[in-house]
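Written out below as structure tokens is the structure these notes cover.
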Amino acid sequence: PRVCVVGSGPAGFYTAQHLLKHHGGARVDIYEKLPVPFGLVRFGVAPDHPEVKNVVNTFTQTARSERCAYYGNVTVGRDVMVAELQQAYHAVVLSYGAEDNRVLGIPGENLSGVYSARAFVGWYNGLPENRDLKPDLSCKTALVLGHGNVALDIARILLSPLHLLRKTDITDSSLAALACSKVKRVWLVGRRGPLQVAFTIKELREMINLPGARPVLDPADFTGLESAVKDAPRPRKRLTELMIKTALEKPGEKAMEVQAAAPREWGLKFQRSPQAVLPTADGRQARGVRMALTRLEGSGDSAKAVPTGEVEELECGLVLSSIGYRSLPLDPAVPFDTRRGVIPNTSGRVQGVPGLYCSGWVKRGPTGVIITTMNDSFDTAQSVLEDLQVGVLDVSTSREGFGAVENILHSRGVRPVSFSDWEKIDAAEVARGKAAGKPREKIVDPQEMLRLVGH
């Protein structure tokens, strides 16, 4: 059987890995719109979390298998259509992730100084489409809307001492911009309460221990939570206890001196929902955000934030909206639920389109960490294997696979990038990084990548 996977992030690679491991004859081709592979492992994981990027080693082993091939620089839905892939392969798996962000839908969202978390993370991680973002870091206070791990990543990058960032694979230009940053305070604002935050304890602990930055948590936000969290699942309980301890703890004298001297600070604000970004007098720049104060109805993860009618204004010159990523439809031939931002499916089988599958964020929505995506992708791959076994997928007719696609791409003037081409780009990045004392210096211009491999 010939299977094609669209997207080379964790979902795509884990799907391919599972198919190759559990079917001795399957051949898998992975298509990717960028010249370079690995999706959010390369462009989403924070530069100061190198251990999370170790999965790249497993993905590289998969890509080097003789039954697997990688074709970068190919945009499915433009360079080749899904129907054309279906003609060339027995099964097509869509694993192209979430390449957009949810919008706030409030006045002032388009003012200068307001950015989506996705664009900001893409900027410091070298995602080509965000390389020219040039965020304005000339203000003292930044506001991050959202209480997830990405929100904490952004706050940490904004407040991290430069000597720590210099040792990472953060891009050269964003490092230069952060070196001139005037941001000294970051507020992380959420609509709900401390019991509903979506970040994990590892990320919170890292933030609390960040050198040169002190946490500012209001003890009043945590009153009575110890008893409320008694019977909560262990991760939620430990996370809440750490917030309570940080809010209530009176540091010792030595620690107080250190904290008082800390040039930067960050804090969590709860039960506030953004109503509008407020403009400066000239109407161009963000100067603050008007927040509706909320109260919670219900409890636990399902609690809803309801406006109380009270409002407050928070001053800030930089607003980063971290309220989630969003998948986009790829091709009119593929069913898409625009409200939920996913491809309608059952266990990864796309509804009403036999032979078409999906995995990862485009399948279940943009939530979870790499391990969640791994399990989800294995689940989709299992559906493909079952359909092969019971004959839902007819492998009695041979399919040409890349041979057929290559002709289509050639006729449209598209030159794919192979995995060994990527390894040349990789080697160049590592060499540039070494010269600067970093693990790598990412190339951010796709044209430069293509020149490097002789395209």
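Backbone N, Cα and C atoms are what each Cβ position is placed from, and that goes for glycine too.
Any TrEMBL annotation is an automated prediction that lacks curation.
What TrEMBL records for ALA11, GLU32, LEU40, VAL76, TRP361, GLY368, VAL369, ILE370 is FAD binding site. The feature NADP(+) binding site is assigned by TrEMBL to HIS147, GLY148, ASN149, VAL150, ARG191, ARG192, GLU203, GLY368. Look at TrEMBL and you will find 2-158 tagged as domain 'FAD/NAD(P)-binding'.
Residue environment of HIS147 (NADP(+) binding site) contains 23 other Cβ atoms, counted within 10 Å of its Cβ in all protein chains. Cα to Cα, ALA11 (FAD binding site) and ASN149 (NADP(+) binding site) are separated by 19 Å. Listed in sequence order, ALA11, GLY97, ALA98, TYR325, SER327, THR367, THR373 are the same-chain residues at least 6 apart in sequence whose CB falls under 8 Å from the CB of TRP361 (FAD binding site). Site extent for NADP(+): among the recorded binding residues HIS147, GLY148, ASN149, VAL150, ARG191, ARG192, GLU203, GLY368, the largest C-alpha separation is 20 Å.
Look at the Cβ of each of the binding-site residues ALA11, VAL76, VAL369, ILE370 and count the other Cβ atoms within 10 Å; the largest number goes with ALA11. When pLDDT values are averaged over the domain 'FAD/NAD(P)-binding' (2-158), the model yields 97.
Each of the binding-site residues ARG191, ARG192 was scored by the number of other CB atoms within 10 Å of its CB, and the largest score is that of ARG191.
Between the alpha carbons (Cα) of ILE370 (FAD binding site) and ARG192 (NADP(+) binding site) lies a span of roughly 25 Å.
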